[in-house]
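Reviewing the structure listed below.
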Amino acid sequence: MAHTNQSVVSEFVLLGLSDSWGLQLFFFAIFSIVYVTSVLGNIMIIIIISSDSRLNSPMYFLLSNLSFIDICQSNFATPKMLVDFFIEHKTISFHGCMAQIFLLHSFVGSEMMLLVAMAYDRFIAICKPLHYSTIMTRRLCVIFVLISWTVGILHSVSHLVFTVDLPFCGPNEVDSFFCDLPLVIELACMDTYEMDILTLTNSGLISLSCFLALIVSYTIILITVRRRSSSGSSKALSTLTAHITVVILFFGPCIYFYIWPFSRLSVDKFLSVFYTVCTPLLNPIIYSLRNEDVKSAFQKLRSRHVSSWKN
């Protein structure tokens, strides 16, 4: 069924990552490991935080919500990509394509805002430690999470409301493994320059504003930490390093896409893989390796289950 009177495209063809059968098998093996590790790792973080009373703090509440978003992001396109490695003619329905666009931008927009909330939490904890417990209440953390999801969904809807009614009547091949918004817009049977500008402005604005807010916050925090010389400051610096690493790896590909929004290079496809498949893995790896509290809680949880299993 056509979506509008002008649209005749009922499905899109996903060209995937490679035509080589050998490479597709290799990608399937690698991305299956990344996908399973990412999902299980983020689930483990949520379980560890919820099961240890010592991690009952705003920072870890926000971290568990970040893990939940990463689980969602891992599942919006990766399972289909893994299945498509064994399918010669990779297709997705029109509505399925629109759903992927909606889900991706919802999750990415939500994660951006949540990273800002986590930066604010660290700012209060380090720069105003005496007021931390009165400012960073559970109610405020819940409000941060609700705002993050609201902004992400509104950001996504603002894209979709224009994209869904575009006339698709010609080529329907998307040169990616999922429905990437700029690539789908290019297939519309009309001049899409204004849509490109709208997409650039919309996504670029939220990305740049969140990134600048994070840079300013972490700069102030790092200056504050540098002025102190204590074990607490060293622990704060270790936590900040993990946060900053996530921010750089998360925003790097995103900013790249909006610096060159109208020219797609061959490297873009593999950056898309990193952004959608590998980024959700950053959370469990970086936070578990850099955070002593999380590692200690994991050891405690494992010891508890080993003891119960022996008994």
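In case you wondered, yes, glycine gets a Cβ from its N, Cα and C as well.
Quick look at what TrEMBL lists:
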type	residues	note
TRANSMEM	25-48	transmembrane segment
DOMAIN	41-287	domain 'G-protein coupled receptors family 1 profile'
TRANSMEM	60-78	transmembrane segment
TRANSMEM	98-120	transmembrane segment
TRANSMEM	140-162	transmembrane segment
TRANSMEM	205-225	transmembrane segment
TRANSMEM	237-259	transmembrane segment
TRANSMEM	271-289	transmembrane segment
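Within the chain carrying the transmembrane segment (271-289), a Cβ under 8 angstroms from the stretch's Cβ atoms is held by residues 17, 31, 34-35, 37-39, 41-42, 44-45, 63, 66-67, 70-71, 73-74, 76-78, 81, 104, 176-178, 180, 242, 245-246, 249-250, 253-254, 256-257, 295, 298, all 6 or more beyond its ends. Remark: the transmembrane segment (140-162) makes no contact with the transmembrane segment (237-259), by the rule of 3 or more CB pairs under 8 A. For the domain 'G-protein coupled receptors family 1 profile' (41-287), the predicted model reports an average pLDDT of 86. Scored by C-beta pairs under 8 angstroms, the transmembrane segment (60-78) has its highest count with 98-120, from the stretches 25-48, 98-120, 205-225, 237-259. With a threshold of 8 Å between CB atoms, the same-chain residues lying at least 6 positions outside the transmembrane segment (98-120) that come near it are 59, 62-63, 65-66, 69-70, 72-73, 76-77, 92, 141, 144-145, 147-149, 151-157, 159-160, 163-164, 178-179, 181, 184, 203, 206-207, 210, 213-214, 217-218, 221, 243, 246-247, 250-251, 254, 276.
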